[in-house]
Amino acid sequence: MSVTVRVPAKVNVQLAVGAARPDGFHDLANVFLAVGLHDEVTVSPADELRVTCAGPDAHQVPLDRTNLAARAALVLAERRGLGEPAVHIHIAKDIPVAGGMAGGSADGAGALLACDALWGTHASREELLDICAELGSDVPFSLVGGAALGTGRGEKLRALEVGGSFHWVFAMAGRGLSTPAVFREFDRLAEGRDIPEPVASEALLDALADGDPGALAAAVSNDLQPAALSLFPELADTLAAGRAAGALAALVSGSGPTTAFLTRDPESAAKVAEGLTASGTCRSVRTAAGPAAGATVLSA
Ligand code: C5P
């Protein structure tokens, strides 16, 4: 008996970042869009907790208890008094690792939903979301998918209406960036400046609701982008290459270093992907559309 859950990656179409809070986190207005790049998390009974991973980036994935998938199993088992979870968690990884696309968060949400089904613990949606928030700021969104505005540290979600499909190209970088390091760089760059309260852009929410890629392109923003570029200056070349290839908008995805390019339709996405590949400014290139569904049980 095993359970497989499919979980999407995300891109942040707006990431407004406030000043550092006393707990070290930052208040955000984080507009998430789930996109059709997926990890698949399969859980099956085993003698002890074990994590394995397959895929092009698998060697970069920690297989110990720091992996969010392992933590999800540990938290659910502890809350239900099940003791040490005896489960094998296998991650078929297609989402870039340490890329700013919530790959680790996706595995946390996927493992949680899969263990809940395997163990018959029947956690309510509310409890699942609560555990996700305990695991990390982006994990609740990986569970729900679609499009949502995340406030607080990103974990308080309001579902957003989306009036169509948006076509994206993603350029994977040659190395990862650590999310805490990017937030620290944001703090360093912000020193001595007044940081406004983060608020969602009405123009951006309207563009999403209208399914209008031109209007969305004019409204996308990422306050972490200067920090990501400061730590990884070569990303500017990738952004320029995508713009030159015809992208409507080019931005760093979340804390990076994956760069995201919004295009008008699948044909222009293919053209932008070709231009980015030819530019030699990134490791690999993928196309994906959003919104995509959240964590979904495929087989049990
Ligand atoms: O919540 P999560 O574990 O994904 O966050 C990883 C790190 O990113 C945090 O330790 C913190 O340094 C930074 N972060 C932040 N503000 C947020 C979300 C994350 O400073 N709202």
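Even glycines carry a Cβ here, placed using N, Cα and C.
Here TrEMBL flags LYS10 (among others) as active site. Contacts of LYS10 (active site) defined by a Cβ separation under 8 A and a same-chain sequence distance of 6+ are given as PHE32, LEU33, ALA34, VAL35, MET101, ALA102, ASP138, PHE141, SER142, GLY254, in order along the sequence.
The annotation active site is assigned in TrEMBL to ASP138 (among others).
A simple way to gauge crowding: the CB of ALA102 (ATP binding site) has 30 other CB atoms within 10 angstroms, across all the protein chains here. The ATP binding site annotation in TrEMBL covers PRO96, VAL97, ALA98, GLY99, GLY100, MET101, ALA102, GLY103, GLY104, SER105, ALA106.
Sequence annotations record features per position, and here TrEMBL assigns domain 'GHMP kinase N-terminal' to 67-146.
For 205-279, the entry in TrEMBL reads domain 'GHMP kinase C-terminal'. Averaged over the domain 'GHMP kinase C-terminal' (205-279), the predicted model has a pLDDT of 98.
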Binding-site residues compared (PRO96, GLY100) - the one with the fewest other Cβ atoms within 10 Å: PRO96
Binding-site residues listed as ALA98, ALA106, least Cβ neighbours within 10 Å: ALA98
Shell list (ATP; ref centroid = CB of PRO96, VAL97, ALA98, GLY99, GLY100, MET101, ALA102, GLY103, GLY104, SER105, ALA106; cutoff 8 A): ALA9, ILE95, THR258
Winner by Cβ contact number (other Cβ atoms within 10 Å) across the recorded positions GLY104, ASP138: ASP138
DSSP-derived structure type at ALA98 (ATP binding site), helix or strand or else coil: coil
Secondary structure content of the domain 'GHMP kinase N-terminal' (67-146), with strand meaning DSSP E or B: 46 helix, 7 strand, 27 coil
